[in-house]
Amino acid sequence: MEASSPLDPVGRLVAFCRGGVHLAVLLLFLSPSTLGQCPAPPLFPYAKPINPTDESTFPVGTSLKYECRPGYIKRQFSITCEVNSVWTSPQDVCIRKQCETPLDPQNGIVHVNTDIRFGSSITYTCNEGYRLIGSSSAMCIISDQSVAWDAEAPICESIPCEIPPSIPNGDFFSPNREDFHYGMVVTYQCNTDARGKKLFNLVGEPSIHCTSIDGQVGVWSGPPPQCIELNKCTPPHVENAVIVSKNKSLFSLRDMVEFRCQDGFMMKGDSSVYCRSLNRWEPQLPSCFKVKSCGAFLGELPNGHVFVPQNLQLGAKVTFVCNTGYQLKGNSSSHCVLDGVESIWNSSVPVCEQVICKLPQDMSGFQKGLQMKKDYYYGDNVALECEDGYTLEGSSQSQCQSDASWDPPLPKCVSQVICKLPQDMSGFQKGLQMKKDYYYGDNVALECEDGYTLEGSSQSQCQSDASWDPPLPKCVSRSNSGLIAGIFIGIIVLILFIIFSYWMIMKFKKRNSTNEKCKEVGIYLNSKEDSCVQPQSLLTSQENNSTSSPARNSLTQEV
């Protein structure tokens, strides 16, 4: 390979041409400032160019002349494009012309916001009790070749009021009864008789004055008083309360008025008042004060949620809800209630306890070797199987639910014991739905046919030992039952007859034996006592009773 030799003159010329092309392309993309030019000059709100132009670029050193716009003191100035492609900035070249100094209107004030030069504004206000007639503001504007205010100064006029309202049985007094303006006071009085005796009570403020709410229209400071007949009362007024009893324009002595506070307010004092003399209400009128809202509910509920309403006023309700798998222990809500004059929450935060499902205590029939727990929680599963000799009724798999129940319900292990009905079913109704075999827990209902009597319970259940509880009944023929009853009664009568006969025989034998003994000893028999007595005593007894009837049942025996 040969080493490269220096460029010959032709090569140097080619390289130079290529470099020139590159430079030309680069110059095409350079900004005007790089080439020594200024962009279009800025617009001035206070001046305009003397010779307007549509050029967008200007070479360095170009000067443009401007003159002040109307409203400004006329003066020419110029700006120049500097070498850094920036226009020079004019300062304090156009000064705004000044309007005449405004004067305060009578009974008013003028307010100069900034100054009184071209473009500035001023405002007018009236003194208290006066209203503004005309424009409330003015601006310094161009007027012909000068500047002037665009509106004349307004007038401040005294605020007028209408004629005071008249009242029955009275009148107002004022120095002027035709012209009423702001600040004037009128006083009311009630009529009297020819001798000046008082006939009415003046109820309310005796004097009212002319005032204004909006500074334009005059109004009286309050309602006029009333001239009320003696021993009458005007309707009482309680702020934030309503009258629930019958309302009237006038109340007589001892009339009652009952109040109720509006929602959100609590009453302090008696709700009922009575009309007394001199337009007095007794006891003192109540007051209705605004009930404060309950404070923010700050309690938290682990494993649950607390739902708090936006409005925490009286009656607001906070609700507690446990997460799935937990059950609420305590109140499910708390209410904002009144405690004296304070608003409080009436319940604290409850507790969310984990749901526990339990197996039944009686697990007879289930396999003992199964892995069973004492407590099962929400979502836990249990599998149950029966021992030999038992049949599983239900699903062998069950899951603990959020309400502590099992789904599907826990199965049962039913013994395979079979209870049978007796072979002799004579006397029982043939149309009964009876099965051949009954299993543990099955029930049977039996009834007898006509002519038979059911002895025992008509309902019976198959037990785990293949017996019936209560025992199965019997159907006994009614004829047999009558015969048995007759025999039973005859036996009872016979037994009673034998007992009575035996008693009579024994009594007769005892009396005969006593008589024989009395004969042997020569004494008398006393039939009342079935005993022997001495003859002398018996004789004495007979003599004493000679006036009466002879002794009954006495026997004598000669010796």
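Using the three backbone atoms N, Cα and C, a Cβ is placed for every residue, glycine included.
Not measured: the values here are computed from a predicted model.
Database features (Swiss-Prot):
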| type | residues | note |
| --- | --- | --- |
| DISULFID | CYS68-CYS94 | disulfide bond |
| DISULFID | CYS99-CYS140 | disulfide bond |
| DISULFID | CYS126-CYS156 | disulfide bond |
| DISULFID | CYS161-CYS210 | disulfide bond |
| DISULFID | CYS190-CYS227 | disulfide bond |
| DISULFID | CYS233-CYS275 | disulfide bond |
| DISULFID | CYS261-CYS288 | disulfide bond |
| DISULFID | CYS294-CYS336 | disulfide bond |
| DISULFID | CYS322-CYS352 | disulfide bond |
| DISULFID | CYS357-CYS400 | disulfide bond |
| DISULFID | CYS419-CYS462 | disulfide bond |
| DISULFID | CYS448-CYS475 | disulfide bond |
| TRANSMEM | 483-503 | transmembrane segment |
| TOPO_DOM | 504-559 | topological domain 'Cytoplasmic' |
| MOD_RES | SER527 | phosphoserine |
| MOD_RES | SER531 | phosphoserine |
| MOD_RES | SER537 | phosphoserine |
| MOD_RES | SER554 | phosphoserine |
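Features per Swiss-Prot, on structure.
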residue: CYS99; record: disulfide bond; contacts (Cβ under 8 Å, 6+ apart): ILE116, ARG117, PHE118, SER120, CYS140, VAL147, ALA148, TRP149
residue: CYS126; record: disulfide bond; contacts (Cβ under 8 Å, 6+ apart): PRO105, ASN107, GLY108, LEU132, CYS156, GLU157, GLY215
residue: CYS190; record: disulfide bond; contacts (Cβ under 8 Å, 6+ apart): ASN169, GLY170, LYS198, LEU199, PHE200, ASN201, LEU202, CYS227
residue: CYS210; record: disulfide bond; contacts (Cβ under 8 Å, 6+ apart): ILE159, PRO160, CYS161, PHE180, HIS181, TYR182, GLY183, MET184, VAL185, GLY218, VAL219, TRP220, SER221
residue: CYS261; record: disulfide bond; contacts (Cβ under 8 Å, 6+ apart): ASN240, ALA241, MET267, CYS288
residue: CYS275; record: disulfide bond; contacts (Cβ under 8 Å, 6+ apart): LYS232, CYS233, PHE251, SER252, LEU253, ARG254, ASP255, MET256, VAL257, TRP281
residue: CYS294; record: disulfide bond; contacts (Cβ under 8 Å, 6+ apart): LEU312, GLN313, LEU314, ALA316, CYS336, SER343, ILE344, TRP345
residue: CYS352; record: disulfide bond; contacts (Cβ under 8 Å, 6+ apart): LEU301, PRO302, ASN303, GLY304, CYS322, ASN323, TYR326, GLN327, LEU328, LYS329
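A gap of 31 Å separates the Cα atoms of CYS357 (disulfide bond) and CYS462 (disulfide bond). It is CYS233 that, of the disulfide-bonded residues CYS161, CYS233, CYS322, CYS336, has its Cβ surrounded by the most other Cβ atoms within 10 Å. CYS68 (disulfide bond) and CYS419 (disulfide bond) are 126 Å apart (CA-CA, integer value). Annotation for CYS68 (disulfide bond): spatial neighbours TYR46, ALA47, LYS74, ARG75, GLN76, VAL93, CYS94, criterion Cβ-Cβ under 8 Å with sequence separation of six or more. Nearest to CYS400 (disulfide bond) in space, judged by Cα atoms and limited to the disulfide-bonded residues CYS448, CYS462, CYS475, is CYS462. In the three-state DSSP reading, CYS210 (disulfide bond) counts as strand. Looking only at the topological domain 'Cytoplasmic' (504-559), the predicted model's pLDDT averages out at 54.
Geometry remark: CYS475 (disulfide bond) versus CYS462 (disulfide bond), CA distance 20 Å. When the disulfide-bonded residues CYS156, CYS462, CYS475 are compared by the number of other C-beta atoms lying within 10 angstroms of their own C-beta, CYS475 comes out lowest.
By the criterion of other Cβ atoms within 10 Å of the residue's own Cβ, the least surrounded of the disulfide-bonded residues CYS140, CYS227 is CYS227.
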